[in-house]
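Here the structure is laid out as structure tokens; the discussion comes afterwards.
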Amino acid sequence: MAIILGVDPGSRITGYGVIQCQGRHQIYLGSGCIRTSSEELPGRLKQIFDGITEIIRQYQPDEFAIERVFMAKNADSALKLGQARGAAIVAATVANLPVAEYSATQIKSAVVGTGRAQKAQVQHMIQQLLKLPAAPQADAADALGVAVCHYHTSQSLIALSGRATARTYGRYR
């Protein structure tokens, strides 16, 4: 029964989503957004670090997954996004959580089935997968998508490793 914290980083709004995995089922535990104030970037990064630290304290996750930086048209935006990711990753590392990273395409593929899915499609599928009464806000849905992607990816790796170890002299046991 692993608890996974997924994070969709941003310098102004950082989404988070927490799920518990029981066998093939994913159970929604919580989600939301860390909204930083309009102060300078170092202060916003501290708010992200403190916010993720509090979420880790509250939910006690076993694993941490975060969306990778994509190449934005604006280099300054990409740098700020990278710094926001760094603040979240440091919070996870301080809590001794293993950190996994996924691209937006990987996340959308795991949740919707196509890497080119729109935000509304991700929100809808997260609502369906986690049996939520309403679609979560976009940043929280993206973070829940990161957690779901991590769960599916880790399950696939476990299945593959099981097959690899069951093989003896070119035959399956």
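Positions of Cβ are set from backbone N, Cα and C atoms, glycine also.
Copied from Swiss-Prot, the annotated features are:
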type     : residues : note
ACT_SITE : D8       : active site
ACT_SITE : E67      : active site
ACT_SITE : D139     : active site
BINDING  : D8, D139 : Mg(2+) 1 binding site
BINDING  : E67      : Mg(2+) 2 binding site
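Close to E67 (active site) in the fold, though at least 6 residues off in sequence, lie V7, D8, P9, R85, E101, Y102, S103, A104, I107, D142, V146, each with a CB less than 8 Å from its CB.
The Cβ neighbour count for D139 (active site), using a 10 Å radius and every protein chain shown, is 24.
A helical conformation is recorded for D139 (active site) in the three-state DSSP classification.
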